[in-house]
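One structure is given here, and the rest of the page talks about it.
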Amino acid sequence: MNFRKTITGKLWLYMTLLTIVTLVSSGFILSSFFEDFYIKIKQNEMINEGQQLVALIIRGIEPAELIDISKFINAHAVVVDRRGLITACSNMFQYGYRVPIDGGRLADVLKGDVVVYKGYLPQFDTSMLMVALPITRDGSVVGGLILFSPMASIQESIWQIRRGILFVAAGAVLISTALSFGLSENITRPLVKMKKVAEGMARGEFGDKVEPETDDEIGTLARTLNFLSDALKKNITELSQEKNQLRNVLLSMTDGVITLDSSGRVLMANPQAEELLGNGPQGSFDLELTVEQVLGELVQRVKHNKKSLQDEVKVEGRILSVRLAPLLNDESEVWGVVAVLQDVTREKKLESLRREFVANVSHELRTPLTYLQGYTEALIDGMVKQPEEKKKYLNIILEETLRLRRLVNDLLDLSLMETGHLTLKKDNISLNKLIERVIKKVNPVAEKKRVNITAELKELPLIYADEDRMEQVLINLIDNALRYTENGGEIIIEASAGTESVTVCVKDRGPGIPEDELPFIWERFYKVDKARTRDNGGTGIGLAIVKNIIEAHGGKVWAKNLRDSGAVFCFNIPFGKRLDNKALPE
């Protein structure tokens with residue numbers, strides 16, 4: 001660091017300059033004062049001595065005596081008459097010559113005035129102090145006495161004084177240097193410590209503190225810095241906690257959240273947002289580019305209107321609900337946009353299923369009701385005369401009535417299950433016997449389609465379950481398989497026991513299920529092939545009932561496609577409370 005830019009350098013420079021200026025000014029004033037003082041003393045001495053010489057001259061002193069006296073007073077003496085001619089002098093001047101004095105000053109002397117002059121005189125080739133006094137006899141000025149004394153002695157005294165001032169100034173500079181270094185050390189030492197503490201604060205380190213050494217402004221600054229450190233530590237800790245809390249909230253959200261600046265650059269995006277926008281394990285995902293492609297137009301609208309908006313976008317077959325809001329500064333200018341993404345594909349699918357369900361149920365209800373109305377009106381109108389024909393009509397009416405009853409019962413069961421009001425009458429039952437009994441019930445329908453139902457059952461323990469509901473599960477699964485199995489096909493029922501549960505699978509040789517629709521087949525109202533299912537009498541409720549019954553027993557359901565053709569529908573159910581772990585005798 002440049003010494004002149006440090007506090008020590010500046011303090012030393014200022015104190016040295018102040019000392020030098022002060023001493024130079026004081027020396028100049030003192031030297032001028034002493035010069036005037038010494039000249040004044042010398043002047044008074046010469047006037048007194050001159051007055052004494054004037055008195056001697058009036059009494060008639062001899063020229064030789066004047067020379068001796070002038071040597072004694074260290075001055076050259078000259079006596080002039082009224083014409084300015086020398087009448088008596090020391091050996092430096094000659095008689096009859098004019099004295100080296102300005103005519104005006106000589107005139108003042110001859111008028112009776114005392115004249116004093118100091119300056120350079122070429123006759124002496126040096127600076128001289130001159131005192132001229134009038135010589136008066138009987139009240140009249142008859143001449144003048146002029147004394148010349150060299151200034152060298154006075155100037156030597158002044159030079160001694162000035163030299164002393166220079167020595168004092170040099171000593172003062174040294175002392176001021178020492179004082180400035182000592183004072184600056186006292187000032188800079190805590191400042192250097194404060195600098196280190198401030199740099200640590202900038203790095204997020206708040207452990208170091210500055211110990212106040214004085215009660216002056218430096219000490220106050222140290223205490224203020226310590227207070228600032230504690231306050232910053234507290235605020236940063238709170239901000240960090242809030243940031244972590246916000247980050248955890250964003251990470252735990254099922255919705256995606258993206259924050260963008262005014263230029264559209266992504267400032268923050270939680271993992272859910274990246275996943276919703278298509279960031280998969282295959283990599284090569286450009287978030288900035290994807291956001292621009294998917295949300296660019298919506299972001300521009302929000303920035304332009306400064307208002308929130310909601311819209312839907314499609315990304316890789318998924319439907320995303322997007323809610324965007326502007327981020328405003330104190331001047332109500334948009335500095336960014338926050339977007340919340342929600343995958344509503346399932347909701348949209350279910351909404352579509354609900355609409356289809358209404359149409360399907362309406363169709364399922366309208367068909368038997370149409371039959372009932374038509375055959376009933378035919379009987380009432382007497383259009384059927386033969387007893388056998390009447391019996392045929394009545395059988396059709398009964399079949400359609402039973403069909404309506406089954407549909408209504410399925411709807412009621414599903415409603416009870418989804419509202420949590422399903423009551424299970426559990427007991428220890430043999431699942432193998434239940435499967436064989438259900439096969440016998442559905443065999444007549446299977447034989448009409450020439451479908452062979454085969455059971456591959458292993459030795460199973462008793463399970464603690466509701467027998468009627470489990471029968472309903474098996475019937476629904478086999479009925480679903482029958483609807484999708486072509487004539488002459490085969491349905492295989494497998495059952496096996498694990499360590500804690502029993503697994504049952506129903507395999508068919510139907511067309512299979514599209515992979516993208518597998519997650520939805522257990523939803524209520526869902527049907528893979530709508531037209532075909534309607535022709536087969538399905539309403540899309542059966543598998544939803546299966547799922548609810550199995551989950552009420554603490555089990556789970558799943559489905560997958562077979563390699564060659566067909567699909568397999570499985571469920572497992574825990575043993576639960578039972579009498580023993582042995583299979584019932586066959």
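Just so you know, glycine gets a Cβ as well, placed from its N, Cα and C.
Sequence annotations record features per position, and here TrEMBL assigns transmembrane segment to 12-34.
Helix, strand and coil content of the domain 'HAMP' (185-237), in residues and according to DSSP, is 39 helix, 0 strand, 14 coil. Among the features that TrEMBL reports, domain 'HAMP' is placed at 185-237.
Marked as domain 'PAS' by TrEMBL: 242-278. Secondary structure of the domain 'PAS' (242-278) per DSSP (helix as H, G, I; strand as E, B; remaining residues coil): 17 helix, 10 strand, 10 coil.
Among the features that TrEMBL reports, domain 'PAC' is placed at 303-356.
Sequence annotations record features per position, and here TrEMBL assigns domain 'Histidine kinase' to 360-577.
Sequence-remote contacts of a segment are chain residues at least 6 beyond its ends whose Cβ falls under 8 Å from one of its Cβ atoms, and for the domain 'PAS' (242-278) they are 285, 287-288, 290-292, 294-296, 299, 303, 315-316, 318, 320, 327, 334-343.
Averaged across the domain 'PAC' (303-356), the predicted model reaches a pLDDT of 86.
Each residue of the domain 'PAC' (303-356) gets a DSSP state, and the totals for helix, strand and coil are 15 helix, 28 strand, 11 coil.
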